[in-house]
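Undergrad: Per Swiss-Prot, active site is recorded for HIS5, and the stated evidence type is similarity to another entry. Summarising the annotation, Swiss-Prot assigns Mg(2+) binding site to GLU25, ASP27, ASP85 and lists similarity to another entry as the type of evidence. Feature annotation from Swiss-Prot assigns active site, nucleophile to HIS41. Annotation source Swiss-Prot lists disulfide bond at CYS45-CYS51, CYS47-CYS190. For ASN250, the entry in Swiss-Prot reads N-linked glycosylation site.
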Amino acid sequence: WIMGHMVNAIAQIDEFVNLGANSIETDVSFDSSANPEYTYHGVPCDCGRTCTKWEHFNEFLKGLRKATTPGDSKYHEKLVLVVFDLKTGSLYDNQASDAGKKLAKSLLQNYWNNGNNGGRAYIVLSIPNLAHYKLITGFKEALTSEGHPELMDKVGYDFSGNDDIGDVANAYKKAGVTGHVWQSDGITNCLLRGLDRVRKAVANRDSSNGYINKVYYWTVDKRQSTRDALDAGVDGIMTNYPDVIADVLNESAYKAKFRIASYDDNPWETFKN
């Protein structure tokens with residue numbers, strides 16, 4: 001999965017997919033009542049990027065729905081996964097469940113079209129704080145009470161705080177999560193970060209009793225760091241330059257071993273060689 005980083009304006013969906021992304025990451029900010037409000041990152045952000053592009057969250061979802069609904073004039077067949085980077089740092093811990101419920105209702109109405117031929121992309125809820133695990137239970141409760149528990153089949157999870165892998169496993173246990181787990185590791189492109197924790201996550205993914213299904217690394221903009229991440233065995237790379245990742249995947253060393261994921265590749269299934 002080539003994951004376009006910080007895609008917060010509707011116009012950027014086309015831009016990143018046309019550069020080779022089959023997945024995008026979108027920032028979600030919340031108001032003081034735990035309603036998802038804007039797709040917005042703000043300053044500071046990655047080096048070389050404009051930090052302030054934004055849409056109202058529900059408007060972004062409508063644009064995203066068009067981009068992922070077969071038959072729509074804006075449809076991109078290859079856009080198959082969306083990571084919502086949930087900026088819950090502005091919330092109190094006891095608002096996490098409400099944030100999950102409100103997020104689910106927004107998605108149900110504006111992205112999934114109330115279960116009636118909505119957008120088809122898989123969705124990852126990426127949460128920066130392990131203490132906010134109730135966002136997951138709230139999300140699930142809302143979809144169930146709205147009569148669409150089947151949409152949970154399209155939803156996965158990530159805790160993005162680079163926490164100890166044992167602590168992450170524990171948070172999932174508390175949230176009742178037993179699958180659909182993506183594990184991120186990374187740092188802003190302005191700084192360097194080694195691959196030690198990525199290798200631990202990959203080892204967990206590949207062990208018989210691990211909780212992780214997929215591992216992705218962020219934010220990778222250079223060819224050599226792309227090669228290093230692929231050599232470590234990641235499933236996804238988040239980038240500001242999807243064309244760079246696509247170029248490396250075309251190199252002879254990687255062409256035989258990796259391919260770009262399509263809609264038929266289940267993102268919740270651990271890949272077995």
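Even glycines carry a Cβ here, placed using N, Cα and C.
What's the neighbourhood like for these features in this structure?
TA: In three-state terms derived from DSSP, HIS5 (active site) belongs to neither a helical nor a strand segment and is classed as coil.
Spatially close to ASP27 (Mg(2+) binding site) yet at least six residues away along the chain are MET6, ASN8, THR39, TYR40, HIS41, ASP85, LYS87, judged by Cβ distances under 8 angstroms.
In the three-state DSSP assignment, the secondary structure recorded for HIS41 (active site, nucleophile) is coil. If you draw a 10 Å sphere around the CB of HIS41 (active site, nucleophile), it holds 23 other CB atoms from the protein chains shown.
A 10 Å cutoff on Cβ-Cβ distances gives CYS45 (disulfide bond) a total of 21 other Cβ atoms nearby, all chains included.
For the recorded site, CYS190 (disulfide bond), the DSSP three-state label reads coil. Neighbour density for CYS190 (disulfide bond): within 10 A of its CB lie 11 other CB atoms from the protein chains shown.
In the structure as shown, the Cβ atom of ASN250 (N-linked glycosylation site) sits within 10 Å of 10 other Cβ atoms.
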Undergrad: What's the CA-CA gap between CYS45 (disulfide bond) and ASN250 (N-linked glycosylation site) in angstrom, rounded?
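TA: Taking the Cα atoms only, CYS45 (disulfide bond) lies 29 Å from ASN250 (N-linked glycosylation site).
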Undergrad: Could you tell me which of these disulfide-bonded residues, CYS47, CYS51, has the fewest other Cβ atoms within 10 Å of its Cβ?
TA: CYS47
Undergrad: For the recorded Mg(2+) site, enumerate neighbouring residues of the same chain (Cβ within 8 Å of the Cβ centroid of GLU25, ASP27, ASP85, site residues themselves excluded), in sequence order.
TA: HIS5, MET6, VAL7, ASN8, THR26, VAL28, HIS41, VAL83, PHE84, LEU86, LYS87, SER126
Undergrad: Under 8 Å between C-beta atoms and at least six apart in sequence, can you list the same-chain neighbours of GLU25 (Mg(2+) binding site), or say none if there are none?
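TA: The answer is MET3, GLY4, HIS5, MET6, VAL7, VAL82, VAL83, PHE84, ASP85, SER126, TRP218, MET238.
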Undergrad: Determine, from DSSP, whether GLU25 (Mg(2+) binding site) sits in helix, strand or coil.
TA: strand
